[in-house]
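Following: one structure in structure tokens, then a few remarks.
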Amino acid sequence: MALKVLSALDAAKIQLYHFKAIIIAGMGLFTDAYDLFCIPPIMKLIGRIYYLDHHNSDKCSVMPKETQYKTTPTAVVSTLVSIALLGTAVGQLMFGRLGDRAGRRRVYGLSLGMMVLSSLACGFSICKTRNCVLMSLGFFRFLLGVGIGGDYPLSATIMSEFANKKTRGAFIAAVFSMQGLGILASSIVTMVVCRIFEVSSNEPKSETPDEADIAWRLILMMGAVPAALTYYWRMMMPETARYTALVEQNVVQAAIDMKKVLDVPMSEIAEDSPIRLKPPAPPHPSYPLLSKCFLRRHGVDLFCCAATWFLVDVVFYSSNLLQSQIYHRFIKDNNDVNGYQLAFKVARFQAILAISSTIPGYWVTVYFIDRIGRVKIQMLGFLFMALVYFAIGIPYKYYWSDHIGVGFMALYSLSFFFSNFGPNTTTFIVPAELFPARFRSTCHGIAGAFGKVGAIIGTIGFFWASRNEKDSGKPNPVRMTVALVILGVVCLVGLVLTYFLTRETMGRSLEDNEIYEDELIYDT
């Protein structure tokens, strides 16, 4: 028989605590997006500070040497992004497993604390020489990635276990949608900081002053503020009732914890008579993670979650392929523009993109996820992403490479919209709904780690495809065409995997995933 406390969770009405949980759980995703999307404008600042040449054509001249600014090399940008992604994959595996072994609540604060301290440490990257700054920044971004990675499985699992089955998808999607606000916040903070520093500078408009070395550090450190503000409430959250009842097997405590956060009468969640397992509950599940029994029961689901997350992250993080072209067309990196202005323009572009496509994609998913289901949204997203990449990639060499305009921007925006109203969101949701409580956080972490491997591949692809031609400075049209068509094919593969292997979880109770060799019975 089903436990009353779990049945009550499935049937609970939407309450204030659900929205509080969305904000508390979403701050990790907010920080993730903030720190990822503040890197492009920061790299523009770093390029103006640490990548420059002093030269004068007349060696005998006593006039001051001219300064020739350069851009941070693509290889450096890709490396810094990849290091953070590698840390994220490590964090997903490590904290995902800890979430099932030690409890969601016990390690939840640890991951957030790691994010806060690492964000601050990124701003305090030691030294003032180029190599030393970049190496220390890379090290702290790896640690930041570990903290962010830990937040993925924990936030998704906690929200899924607090939610009712009717609106569970919308709640998890709302947590994930905090990424959109993180993107927008990173752009706003970057623009405000750059404008303040530029106005207060006494240098010529075309010069990037030494104070810019403080500006980019401040931008990074500001990412720690929202996460730090929610630390107290995260530590005050009780353990989820599902973990307490099904993994720790303490039904009484589960009812007490649920009563703390949800307005439900105790008579509806307390058992009428003592519950025990027959025979007495073992300290560990009867079959271990990744055993033959586990793979037989959950192997297909785990493969599908990991594979689709891998595929969508290859595509999502390769969006930099198109972004590099847009920067080349609309944001001129010339010597008559200082680092503040350049970073401001990049941040402004990212804010416009977030408002016009990224954020709407997230919230359209929130609205429809429990109406049309995860599978249909994921298939729809993969399909339209494929069409967009084919529409850009096939004629790229002959048309788009020289005609970056409104049409190109519209297609580029659609790729983000259908990524978020599609597999970028659903791949975060489904792993939190498909597995038993004792494996839920671990399996979500495994799927997410595969996704970040795909993200690293996408970042390396960005580096390969955006290698500039010697004369024009534009990405190689042939390489871009090949890369974009490959991304379209990747989306079609994701569509096929979703259609044949992904199970729909809309309206299902999480307890449908629980398969015990020893069933719960009432003690007589």
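Cβ coordinates are placed from backbone N, Cα and C, and glycine is handled just like the others.
Database features (TrEMBL):
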- 21-506: domain 'Major facilitator superfamily (MFS) profile' (DOMAIN)
- 21-43: transmembrane segment (TRANSMEM)
- 75-95: transmembrane segment (TRANSMEM)
- 107-126: transmembrane segment (TRANSMEM)
- 138-158: transmembrane segment (TRANSMEM)
- 170-194: transmembrane segment (TRANSMEM)
- 214-233: transmembrane segment (TRANSMEM)
- 300-319: transmembrane segment (TRANSMEM)
- 349-368: transmembrane segment (TRANSMEM)
- 380-398: transmembrane segment (TRANSMEM)
- 404-422: transmembrane segment (TRANSMEM)
- 443-466: transmembrane segment (TRANSMEM)
- 478-501: transmembrane segment (TRANSMEM)
Per-residue pLDDT averaged over the domain 'Major facilitator superfamily (MFS) profile' (21-506), given as an integer: 86
Chain residues outside the transmembrane segment (75-95) and at least six past its termini with a C-beta under 8 angstroms from it: 32, 35-36, 39-40, 43, 107, 110-111, 134, 137-138, 141-154, 317, 441, 444-446, 448-449, 452-453, 455-456, 459-460, 462-463
Dominant neighbour of the transmembrane segment (138-158) in 214-233, 300-319, 443-466, by Cβ pairs under 8 Å: 443-466
